[in-house]
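Chemist: Got a structure here, written out as structure tokens. Questions coming.
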Amino acid sequence: MPKQAIRIMDTTLRDGSHAIRHRFTKENVRQIVQALDEAGVPVIEVSHGDGLGGSSLQYGMSLVEEMELIEEAAKTSRRAKIAALLLPGIGTKKELQQAKDCGIQMVRIATQCSEADVSEQHFGLAKELGLETVGFLMMAHMLSPEELAQQAKLMESYGADIVYIVDSAGTMLPQDVIDRVIALKKVLNVPIGFHAHNNLGLAIGNSLAAIQAGATNIDASTRGLGAGSGNTQTEVLVAVLSRMGIETGIDLFQIMDAAEYIVDPLMDSPMIVNRDALTIGFTGVYSTFLWHAKQAGEKFGVDPREILIELGRRKAVAGQEDWILDVASDLSSAKGR
């Protein structure tokens, strides 16, 4: 495995927001950013779990307005870059400008893996604002490695400084990750990143697979705090990479203490691979489908796991929630209910 230094981007204050129902306070942000910054974490992502502009009835209301949290993070950090996530269609160029004014130095622009073309204007503005830019290809398992590489190439052409393979459903196996990193390396001139979810218990393993294949930017979250079963655990990743002789620039004891004494007390429960998360990882569908599948399953007398398996087979993506009732009805009819 290569010994090239790995840049870890910590997403506790963004993906972790999902796990605590977007209840971060300014004091939480101050304490977490200070601890991560002092430990040597180079990039800290701060925003609503669904990115800039995500606070809404649809995606969940933030306890504290995200621009206040970003401003607090930027004011607190001494060395780490403050980043924010932006999903075109949820966040707008207006929110991106506001986030820049509040102190972000990096924006991670996320699209469905097959829809990179919707990000062109956002990358354009980000470059005008002087931000480091990251392309974030979500649900990356849904395209072949070669198809994903072409979407990554689009993001690079729009101005992405890094392109991330994002395992949004936590469904990839290590070889899936390796194949996609290799495919991107063949066509890109910019570095590659990987964002894992732990729904199959493979977040650390998949992150190592990405590094083995040539990724140099890896997302992680202290205590693994994130959607579903969480993300690659920052302190564990730092320890493993240290054992392997791979430099991260992060002090292991300090990041362990940040997770133990600052992040853990904020958690409602530990991040575990429970039945719901495992179902998402196994079926490879969006976690937002789960609640709807449970409702449809109750209505039609069908196990919601069967609904999700069929949705995965049909390659349903976010925005196709209307398929859920159709699938439940079809399964019920097939069983003669």
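A Cβ is built for glycine as well, from the same backbone N, Cα and C atoms used for every other residue.
This is the feature table in Swiss-Prot:
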type	residues	note
ACT_SITE	HIS18	active site, proton acceptor
BINDING	ARG14, ASP15, SER168, HIS195, TYR286	substrate binding site
BINDING	ASP15, HIS195, HIS197	Mn(2+) binding site
DOMAIN	6-256	domain 'Pyruvate carboxyltransferase'
SITE	ARG14	site 'Transition state stabilizer'
Chemist: Measuring C-alpha to C-alpha, could you say which of the recorded positions ARG14, HIS18, SER168, TYR286 are within 10 Å of HIS197 (Mn(2+) binding site)?
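Modeler: Among ARG14, HIS18, SER168, TYR286, the ones whose Cα sits within 10 Å of that of HIS197 (Mn(2+) binding site) are SER168.
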Chemist: Fewest neighbouring Cβ atoms within 10 Å: which of the recorded positions ARG14, HIS18, HIS195, HIS197?
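Modeler: Per-residue Cβ counts within 10 Å for the recorded positions ARG14, HIS18, HIS195, HIS197 bottom out at HIS18.
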Chemist: Taking the Cβ of ASP15 (substrate binding site) as the centre, count every other Cβ atom within 10 Å, in any protein chain shown.
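Modeler: That number is 25.
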Chemist: Where the residue listed as 'active site, proton acceptor' and TYR286 (substrate binding site) are concerned, what is their Cα separation in Å, rounded?
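Modeler: Pair distance, Cα basis, whole Å: 14 Å.
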Chemist: Between the binding-site residues SER168, TYR286, where is the Cβ count within 10 Å the lowest?
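Modeler: Checked SER168, TYR286; of these binding-site residues, fewest Cβ neighbours within 10 Å: TYR286.
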Chemist: Whole number in angstrom, please: the longest C-alpha to C-alpha distance across ARG14, ASP15, SER168, HIS195, TYR286 for substrate.
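Modeler: So the maximum pairwise Cα distance among the substrate binders is 18 Å.
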Chemist: Using DSSP and collapsing to three states, where does HIS195 (substrate binding site) fall: helix, strand or coil?
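Modeler: Assignment for HIS195 (substrate binding site) reads strand.
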